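Notes follow once the structure below has been shown.
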């Protein structure tokens, strides 16, 4: 598995260099979408075969289903069941046949990304009235080349992130699908013309520099091993307040490896020209269309929801589209369970996401019932933010310990050392503090304007903002 991780890093660094070449020499103004599709797909095939076992069986199977069942509504159901079932089979095989307990880069990583893309495309087809709309005068299903290019392009085959099919096709064809609402007219900003195809070099450079900084500081990450939280001597001799501080530090130092993978993946896509998302109010280009995290918002999150909204962003969007917004009963529980299934077969994943359900319900109840009392003055609001930041960070750490430990025994040992205090407290809060059902809260939400509920370009799908 060490060799697989080395291969993963080598391929991602090579992909970064290739992305610059792809943008400069295969720009939409210089070549056809067909050539860009072919090159992106073939390079993706090569990277996947170099790093992992073949991951294309699922793509072929689901494309055959697409041609056979679409526009039938059954395609949506079959695709979701087949994709998740195939992914689960691969994950169970990996865990219980190959290397139980070795959490590292493995062949199920690309499968997780491809599963998201395949099911996202299925739901885009369903929501787009069973046809893909990416040009105002064209309605058609994706060709086999477009399908493989979207799912298996070299920019995202190893670590994603997942993107909208329409956004990807717009990138390949050179017709960006999204624009900043304040700067969408011919690239004009404050009376001056702004280039419509801005350079991603600054954004890519900053993200690569941040990754380099994380690598050089990685030696410090081993100072706070998570396993020490369940060491008998540590539990017996360390005051509880010190255990809380150590828990926070140990989980804090596990995040940079995720930051590294996601930031590098974002930089690769940006280097190829994918990820432009309009302009900021100061006229600077935004390259966050498919970004997967906002680090400062994560580290200073003062609510469970704020943390989740800024961690693995594209996966959160996927879960929201395919589950939360469509599940008629208990959408929060259903979404966490789906997330556990998608992550893998380790029991620790399920312990984490089942714990996440009760923590989310408690956090929602606290926010709805307690927060309004602290909004009367800035000092009260500051006090509330400080307390909720500390509570959120500890709740997150407590929740994700099993995600790192993976097995049931060590995970339950940790929870017992804390006397299941967070579980018990969250259940009591969720029961004691009433929260209106989701369908009633949605009815009370203000109706969005037509401008906000649709995309800014005519060739994009209509998209409703989250309430």
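Using N, Cα and C of the backbone, Cβ positions are placed for all residues, glycine too.
Looking at 38-66, 96-124, the range annotated in TrEMBL as transmembrane segment turns out to be 38-66. TrEMBL lists transmembrane segment at one of the ranges 367-386, 387-406, namely 387-406.
Segment annotation: TrEMBL labels transmembrane segment over residues 348-366 (candidates 329-347, 348-366). Tertiary proximity for the transmembrane segment (72-89) is limited to same-chain residues at least six positions away from its ends with a CB under 8 Å from its CB atoms, namely 57-58, 61-62, 65-66, 108, 111-112, 115, 118-119, 122-123, 125-126, 322, 341-342, 345. When each of 6-26, 348-366, 418-435 is checked for Cβ pairs under 8 Å to the transmembrane segment (387-406), 348-366 comes out on top.
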